[in-house]
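Copied over from Swiss-Prot:
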| type | residues | note |
| --- | --- | --- |
| ACT_SITE | ASP123 | active site, proton donor |
| BINDING | LYS23, ASN24 | phosphoenolpyruvate binding site |
| BINDING | ARG99, ASP311, ILE333 | UDP-N-acetyl-alpha-D-glucosamine binding site |
Amino acid sequence: MSERFLVTGGNRLVGEVAVGGAKNSVLKLMAAALLAEGTTTITNCPDILDVPLMAEVLRGLGCEVTITDDAPGDRSVVTITTPAEPKYHADFPAVTQFRASVCVLGPLMARCKRAVVALPGGDAIGSRPLDMHQAGLRLLGATSEIEHGCVVARAEELRGARIRLDFPSVGATENILMAAVLAEGETVIDNAAREPDIVDLCNMLVQMGARISGAGTSVLTIQGVERLHPTEHRVIGDRIVAATWGIAAAMTMGDVRVTGVNPKHLALVLDKLRSAGARISFDVDGFRVVQPDRPRAVNFSTLPFPGFPTDLQPMAIGLAAIADGTSMITENIFEARFRFVEEMIRLGADARTDGHHAVVRGIPRLSSAPVWSSDIRAGAGLVLAGLVADGTTEVHDVFHIDRGYPNFVEQLQSLGGLVERVGGAE
């Protein structure tokens, strides 16, 4: 039997929890190491399954990769030595196991002028096509087609261009950005993603010698350079993990201090928790959430940064399920994310969906049941729901959670949560 979590509800979460590096940042930073011959070092890397998977992808492209412990628990140092001529075929099994593997496309085009990248796997949260990635590469002078389950791209040379994205896609912004840093001339990306992870990537690329302006705005301007050099870079704190702990504190009427993250990256999320009745305080490297009473109902609508993150939608539904009043949650990014609601209904949630909307009428307490994770964030949301359910909830397919939450069980236990990992050895 595969591993599962046993979550017994009833305890408040109280204490302090440290957040490691951002999953949505570290994998792209690792891919960016392909852009420079030599050894790049990335610190504050989270201990999640996708990091060794990305290491396997890079090894398949000719890099030497080592992962060493940096601090007790959940942080590592990743060292990547990139050869003078990386391989350009990324069509082996590791590539298909997680979505972020596609971010090697841009660096391979920049260094090799050709790339064969297997279509990636990852979370089952709806359609995430590569159309914008391919369109951006074509504007830079490449051809790009889907052939035999792979993205196949080629170029004699890459030239700067003005590229307007139909939607501020994080992945498309990253791939076009990494291709453009070594292209000839100026590239302008209009309607670029503004996420902190994009800013983190831009900061690392600038340290490597790239010329980029506009990071954190909707217009990125890149002046191509002839070559980049290796660097050392520290990954930003994971705002999604940090917000998960904040929402968990609110759901359990707890008191949790979260460190290792820039609270400015979570301004809207923390405002929503304040609207739900939480007391929020800040310091230099984190925030504290104190929820004195049952949370009040709050409406949520997911949007690209600086809007409410789609990755936190399952946790928002979990909060709404036990809040006082009725909440509406609108999903504007990934249409299939509401399949999580079916599992919440197993736990007794009064919820219904209609297209991009979910209406949740809060009840004082959920009831335990066996539930199944469909993706990283849904899994975390189900664990949080189990913390406010009567009895013991079994959360299955927890390998999803391990892809995004380092030492999740241990950190919950440190805050007083009654959570146990079982199975896997039968």
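Placed from the backbone N, Cα and C atoms, the Cβ positions cover glycine too.
Source: prediction; values computed, not measured.
Feature map: annotations from Swiss-Prot on the structure.
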| residue | record | DSSP (3 states) |
| --- | --- | --- |
| LYS23 | phosphoenolpyruvate binding site | helix |
| ARG99 | UDP-N-acetyl-alpha-D-glucosamine binding site | helix |
| ASP311 | UDP-N-acetyl-alpha-D-glucosamine binding site | helix |
| ILE333 | UDP-N-acetyl-alpha-D-glucosamine binding site | coil |
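Comparing ASP311 (UDP-N-acetyl-alpha-D-glucosamine binding site) with ASN24 (phosphoenolpyruvate binding site), their Cα atoms are 11 Å apart once rounded. In sequence order, ALA100, VAL170, GLU195, ASP197, ASP238, ILE240, ASP311 are the residues of the chain that are 6 or more apart from ASN24 (phosphoenolpyruvate binding site) and have a CB within less than 8 Å of its CB.
Binding-site extent for UDP-N-acetyl-alpha-D-glucosamine: residues ARG99, ASP311, ILE333, maximum pairwise Cα distance 16 Å (rounded to the nearest whole number). Within 10 Å of the Cβ of ARG99 (UDP-N-acetyl-alpha-D-glucosamine binding site) there are 16 other Cβ atoms, across all protein chains.
Across the structure, ARG99 (UDP-N-acetyl-alpha-D-glucosamine binding site) and LYS23 (phosphoenolpyruvate binding site) are spaced 12 Å apart at their Cα atoms. Recorded residues LYS23 (phosphoenolpyruvate binding site) and ILE333 (UDP-N-acetyl-alpha-D-glucosamine binding site) have their alpha carbons 19 Å apart, per Cα-Cα distance. Of the listed binding-site residues LYS23, ASP311, ILE333, the Cβ environment within 10 Å is emptiest of other Cβ atoms at ILE333.
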